Structure formats: C-alpha cells, structure tokens
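Some notes on the structure that comes next.
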Amino acid sequence: MKGVQHFLVVFSLLISGFTLASASDPSPLQDFCVALNSTKHAVFVNGKLCKDPKLATADDFFFSGLDKPGNTSNAVGSRVTPVNVDQIPGLNTLGISLVRIDYAPNGGQNPPHTHPRATEILVVTKGTLYVGFVTSNPDNRLFTRVLKTGDVFVFPVGLIHFQFNIGKTNAIAFAGLSSQNPGVITIANAVFGSNPAINSEVLAKAFKLDKKMVENLQTQF
C-alpha cells in the first residue's frame, strides 16, 4: 500500500512539473487583449494592462507612417522604425510585430544584434544588403547572403545577426518578428556601453585586446 502511495505522489509531482514547464507563452484565450496604460477598465495580461474588449476600437489595431523614411544620419547609418505593442496596442498577446529599416548608402548598417524573444523574417524593398547570422557555440557558423530587391532572409530567434548596405544608394527593408515585443540587444553597445561599465580587464581578456584599447572603445558607447 505504501508503495502505491509513493508511486502516486511521485507521479503527481512529475505531472505538476510537466504542466508548469509547458505553461509559458500560452496561446491567447480571447480574440484580442488591447494594451492599455490606464488601470481603469483593465486587466493585467502578458506584461500589459488590457482594455475591456467592449471598449476597443479600430484605432487600437492601426498605425500610420511606415511610408516615411527614417533618418539615417547617425553613427551606424541606419534607422529602425518599430511597429510593436507600444505603437499598436492591439498587438498585445498576438505574438507578432513589424519594423521598417532604412540604410544610408555605402555602408549603412544594422549592426550585430540579437532579438531574445523573436525570429525575424526580412524582405528588401530597395537596394542591396549583405546580411548574415552566426550560430551558437561551439560551431559559430556564419550564414550570409547578398540580398536584392524582393529577396527574403530569416534570422532565427536569439542568434546574432546583421545587415549592411553594400550599395551606393539608400536601402530599405521590412521585417516581421514573432513577438509583440521582440527586444533587441546590440552587441557592441551591450558589451562596451553597459551601465556601469564592465571591468576593462574582463573585456581585454575576453576579446584578446589591450586594456587601453578596451577603455578607448568604452568611451565611444
């Protein structure tokens, strides 16, 4: 009898653990959950307060402006215009978002970065881009392609990737991401521009660089 009871206890714990492990990122249980900044007529779901569905309007699912070019006059020569849950409240819980990326001629780039919560599918609508991503350790394989207008490329979730304008004219791309809030970690900014700064000795050893060079890089981010 004790053996049976022990088996049932263990079985119950295993089932509970499996249930908890499978409980992340569930599919929506309603048509939509429009994000809301106010606490009035709201319920907290997926990191956002949700508007009473009866009060939702078409404006909650609308954004205008992706026809306008982004200003690429910056250090990297690109501009990302996001359309995520912060721009379209109706995206909350729907697991999808969009960006427009503008690249300056002759080297405008979207520098190496990752999206911790999303796979990205990118389509070039103007210009020529050199793009790629690197797989995880230990292989660190580099997958690259030169994309022209109409070409599409996929960047798997969490992997470091980039785009670089190798053309002499402006380039434009649009990308869909599999999260309402994919997040972005730009590698150079995170490593050399953290707040507070990472100890320069750590970075010097990690990157096999002189300590003074690391300190100089840290002043640029």
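Any Cβ shown, glycine's included, is placed from N, Cα and C.
The oxalate binding site annotation in TrEMBL covers Asn110, His115, Glu120. The Cβ of Asn110 (oxalate binding site) has 26 neighbouring Cβ atoms from other residues within 10 Å, across all protein chains displayed.
Glu120 (oxalate binding site) has a Cβ environment of 22 other Cβ atoms inside 10 Å. For His113, His115, Glu120, His161, the entry in TrEMBL reads Mn(2+) binding site.
If you look up TrEMBL, you'll see Cys33-Cys50 marked as disulfide bond.
Positions annotated as domain 'Cupin type-1' by TrEMBL: 64-215.
For 1-23, the entry in TrEMBL reads signal peptide.
Within 10 Å of the Cα of His115 (oxalate binding site), the following recorded positions from the list Cys33, Cys50, His161 place their own Cα: His161. Counting other Cβ atoms within 10 Å of each Cβ, the lowest count among the binding-site residues His113, His115 belongs to His113.
Taking the centre of the Cβ atoms of Asn110, His115, Glu120 as the oxalate site, the nearby residues of that chain (Cβ within 8 Å, site residues left out) are Val99, His113, Thr114, Ala118, Leu122, Phe155, His161, Ala175, Leu177, Pro182, Val184. A Cβ within 8 Å of the Cβ centre of His113, His115, Glu120, His161, the residues given for Mn(2+), is found for these other residues of the same chain: Thr114, Ala118, Phe133, Phe155, Leu159, Ile160, Pro182, Val184.
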